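As given in Swiss-Prot:
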BINDING   24, 44, 53, 54, 61  1,2-diacyl-sn-glycero-3-phosphate 1 binding site
BINDING   40, 51, 58  1,2-diacyl-sn-glycero-3-phosphate 2 binding site
DISULFID  31-59  disulfide bond
DISULFID  38-52  disulfide bond
DISULFID  42-60  disulfide bond
SIGNAL    1-21  signal peptide
């Protein structure tokens with residue numbers, strides 16, 4: 001049983017390290033809720049309205 005707890009703790013530790021803590025999912029969802037698209041560069045004629053993916057991409061509309 002103790003081995004099971006240690007295995008569970010190790011898996012949870014690895015999982016928590018993989019989850020971004022800077023709110024990047026929230027910014028991406030907020031962009032899509034505003035009918036925008038996350039892109040590296042906005043196309044000609046599109047307007048930059050925010051950031052996505054932890055400020056690595058632009059939210060274009």
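Cβ atoms here come from the backbone N, Cα and C positions, even for glycine.
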Cα-Cα distance maximum in Å, computed over every pair in 40, 51, 58 that the record assigns to 1,2-diacyl-sn-glycero-3-phosphate 2: 10
Inter-residue Cα distance where the pair is residue 42 (disulfide bond) and residue 54 (1,2-diacyl-sn-glycero-3-phosphate 1 binding site), in Å: 17
Spatial separation of residue 40 (1,2-diacyl-sn-glycero-3-phosphate 2 binding site) from residue 59 (disulfide bond) - C-alpha basis, Å: 9
Which recorded positions sit within 10 Å of residue 52 (disulfide bond) - Cα, from 31, 40, 42, 58: 31, 40, 58
Of the binding-site residues listed as 51, 53, 58, the one whose CA lies nearest the CA of residue 42 (disulfide bond): 58
